[in-house]
Amino acid sequence: GIGGGFQYGLQVSIINSPAEYIKSFIRETWLKRYGSSPSEEMITLMWSFVVSIYSIGGLLGSLSAGYLSVRFGRKKAMLFTNIPALLSATLMGLSRLCGSFEMIIAGRLFSGVCGGLALNIHLMYAGECAPRKLRGLIAITASTAIAVGKFVGFALGLREVLGVEALWPFLMAANAFPALIQLLTLPFFPDSPRYLLIDKKDKEGCM
């Protein structure tokens with residue numbers, strides 16, 4: 001769940017706290033580049049891109065989840081979701097240093113791809129690995145991970161934690177930590193029995 005539903009919940013909630021700081025950053029960057037202040041309509045448009053492009057990334061990720069989980073297996077596909085997660089964290093974390101609000105937009109797109117992939121493959125992988133008696137309980141881990149991710153996102157966004165102007169790039173890059181945890185732990189997990197039997201025709205491995 002840390003690399004699955006948690007990533008989705010985190011990114012949905014984490015964007016609320018630094019809203020005014022990101023708008024100010026867009027305004028300052030625009031002024032330095034073009035020598036004039038952008039209109040409020042332009043600021044709103046750029047902010048709308050930052051927020052909504054996550055959904056476009058989520059759609060792309062969701063559409064790719066089925067192919068990747070069959071082509072590479074559920075476990076490898078879950079590991080693959082960490083690539084867009086780490087890429088998005090790097091882009092958003094370095095955006096202020098590089099003076100580019102476009103990096104935030106690109107980072108949100110990649111984090112959306114990660115969320116779309118992770119949420120779908122998490123459900124598949126957990127459901128197929130769970131013993132029959134625990135299948136319902138294990139399936140609930142997706143919604144639990146989303147709720148925990150939202151809670152952590154709101155907690156990190158508090159002014160006492162990372163919700164201040166000096167630290168908002170670190171807040172936006174927080175999704176790197178669950179990605180790194182999953183990269184370190186998931187290789188020790190087994191492959192999905194259903195994938196081994198149906199897609200790989202490996203009956204012995206399935207058993």
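Every residue number used here counts from 1 along the chain in the order it is shown.
Quick reminder: no glycine exception, Cβ is built from N, Cα and C everywhere.
Pulled from TrEMBL, these are the features on record:
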- 1-207: domain 'Major facilitator superfamily (MFS) profile' (DOMAIN)
- 45-70: transmembrane segment (TRANSMEM)
- 77-97: transmembrane segment (TRANSMEM)
- 103-125: transmembrane segment (TRANSMEM)
- 137-158: transmembrane segment (TRANSMEM)
- 170-189: transmembrane segment (TRANSMEM)
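Within its own chain, the transmembrane segment (45-70) is flanked in space by residues 8, 11-12, 15, 19, 22-23, 26, 38, 77, 80-81, 84, 101, 104-105, 108-121, 124-125, 195, 199, which lie at least six positions past its ends and keep a Cβ under 8 Å from the stretch. Relative to the transmembrane segment (170-189), the listed stretch 77-97 leads the set 77-97, 103-125, 137-158 in CB pairs under 8 A. Sequence-distant contacts of the transmembrane segment (77-97) (same chain, at least 6 residues past either end, Cβ-Cβ under 8 Å): 3-4, 7, 25, 57, 61, 65, 68-69, 71, 103-104, 106-111, 113-114, 117-118, 121-122, 125, 168-170, 172-176, 178-180, 182-183, 186-187.
Away from its own ends, the transmembrane segment (137-158) comes close to residues 1-2, 4-14, 16-18, 119, 122-123, 126-127, 129-130, 171, 174 of its chain (Cβ-Cβ under 8 Å, at least six residues beyond either end). Across the residues of the domain 'Major facilitator superfamily (MFS) profile' (1-207), the predicted structure has a mean pLDDT of 93.
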